[in-house]
């Protein structure tokens with residue numbers, strides 16, 4: 001971790017490009033959706049070629065363990081990227097992190113064209129995974145800081161929608177290129193990501209800096225100007241849900257609350273454990289729903305049920321298309337519906353479908369020689385096309401249910417469930433836990449398919465059911481709950497006067513009087529100055 005910090009601290013400055021800043025929610029959301037599109041491109045870029053003859057001959061038919069490592073290298077890098085985001089959070093601005101990350105993405109994307117062995121492919125995918133892991137926290141944190149509360153859900157839904165569009169576009173590109181019997185086919189596919197990468201790099205200069213981050217660095221005048229511009233633009237389009245223009249004193253409240261603190265050397269305040277466990281449980285629900293396995297290894301499932309050639313390739317594209325189309329629906333209701341209800345309406349049906357798929361595989365599956373030399377595929381139900389059709393239909397149904405429920409809701413649900421003082425740090429922990437679960441399942445999936453066969457789906461279905469049951473019993477409904485209600489529900493820091501950093505009292509100026517109001521404790525009072533840009537001090 002110390003070595004990683006030393007590298008991060010020496011990052012160069014970004015080139016200055018004069019582009020007019022935008023403060024409109026729709027334009028900011030449009031730019032952020034490019035991040036979702038970029039993240040989506042990486043999902044099928046390797047999976048589509050895993051059963052390709054040219055790919056397997058070039059890389060000498062990877063073993064199930066090697067296949068798992070290749071597929072799992074991206075989420076493994078994602079875990080590292082989450083830690084990098086936490087290290088960079090305090091020192092570097094949100095926009096700088098976006099720009100430095102996308103530059104590295106573009107460089108590594110070009111290097112993909114020069115890959116000649118499994119090790120090189122593994123390293124490139126891991127580095128790109130680090131960028132995606134960084135962005136997975138960064139884009140959610142930035143949206144939470146800049147987008148008004150009533151529009152955050154739809155913003156995340158648009159980002160998720162563009163992620164599914166990226167998956168679909170890349171899948172069809174890979175299908176088209178796989179028809180070309182040459183190693184240049186997968187090389188070109190892995191370089192496509194530089195196009196949206198360059199677009200996002202240029203568009204990032206139009207994004208306003210997070211005024212939360214500016215407050216934490218004492219740049220109060222700049223922070224106030226950005227917050228006022230964002231509020232004015234939003235109020236012009238949404239007068240009923242007007243956002244107040246905050247004073248410097250109100251903005252300074254974020255400093256003592258510590259909402260943006262990602263320093264894990266500092267102890268989390270009392271009451272943080274339960275919401276963190278619930279947030280991590282939601283991430284487990286997303287992973288055990290089987291969506292990454294179905295989307296990542298759909299070509300495996302097609303071959304197991306007996307599909308070949310172009311029929312296999314185009315059938316494997318159906319779940320990506322379903323995922324994209326049905327991801328449009330949450331945008332229409334995510335800001336107005338029960339978080340808990342939508343989560344349950346996704347979790348329970350998916351668990352039943354997974355168990356049904358596993359039961360069909362167990363009953364009708366038969367051992368066979370490795371299909372097309374792929375040592376992960378040693379069983380088949382090719383002699384039962386009717387059963388194979390049902391299995392594929394159930395897989396498509398799982399993808400559809402997931403797209404309408406678990407694709408967006410858990411991210412909003414987790415963010416709303418976390419108390420204000422640990423929202424960013426808690427969300428980072430939950431996302432990191434999600435990447436860890438993604439890596440373990442993606443890495444083990446080829447081995448599980450080889451050894452456990454259909455039982456793999458029964459295990460996923462059973463765990464999804466148990467997690468959904470825990471959501472039903474223990475999870476609160478956060479729709480309509482204020483920050484104070486959330487803190488009260490989890491008994492978060494109910495002892496008056498203790499803040500995130502273990503400080504026992506903070507003195508804040510009272511805007512309604514000449515004096516000040518003091519948050520006191522048994523150990524006395526604490527005055528904490530913020531250095532302002534104009535060399536003045538504000539005591540909070």
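Here the Cβ of each residue, glycine as well, is placed from N, Cα and C on the backbone.
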From the candidates 235, 374, the one which Swiss-Prot records as N-linked glycosylation site: 374
52, 134 - the residue Swiss-Prot records as N-linked glycosylation site: 52
Annotated stretch (transmembrane segment, per Swiss-Prot) among the listed ranges 239-259, 386-406, 407-427: 386-406
Swiss-Prot: matching membrane side for residue 298 and residue 450: yes
Residue 52 (N-linked glycosylation site) versus residue 374 (N-linked glycosylation site) - Cα distance in angstrom: 10
In the chain carrying residue 52 (N-linked glycosylation site), residues 6 or more apart in sequence that have Cβ under 8 angstroms from it: 178, 185, 186
The transmembrane segment (342-362) vs the transmembrane segment (68-88): 3 or more CB pairs under 8 Å: no
In contact by Cβ distance (the transmembrane segment (314-334), the transmembrane segment (456-476); 3 or more pairs under 8 Å): no
DSSP three-state assignment (helix, strand or coil) for residue 374 (N-linked glycosylation site): strand
Counts of helix, strand and coil residues, the topological domain 'Extracellular' (180-187), according to DSSP: 4 helix, 0 strand, 4 coil
Recorded stretch that, among 127-147, 188-208, 276-296, has the most CB pairs under 8 Å to the transmembrane segment (159-179): 188-208
Composition by DSSP (helix, strand, coil) of residues within the topological domain 'Cytoplasmic' (407-428): 18 helix, 0 strand, 4 coil
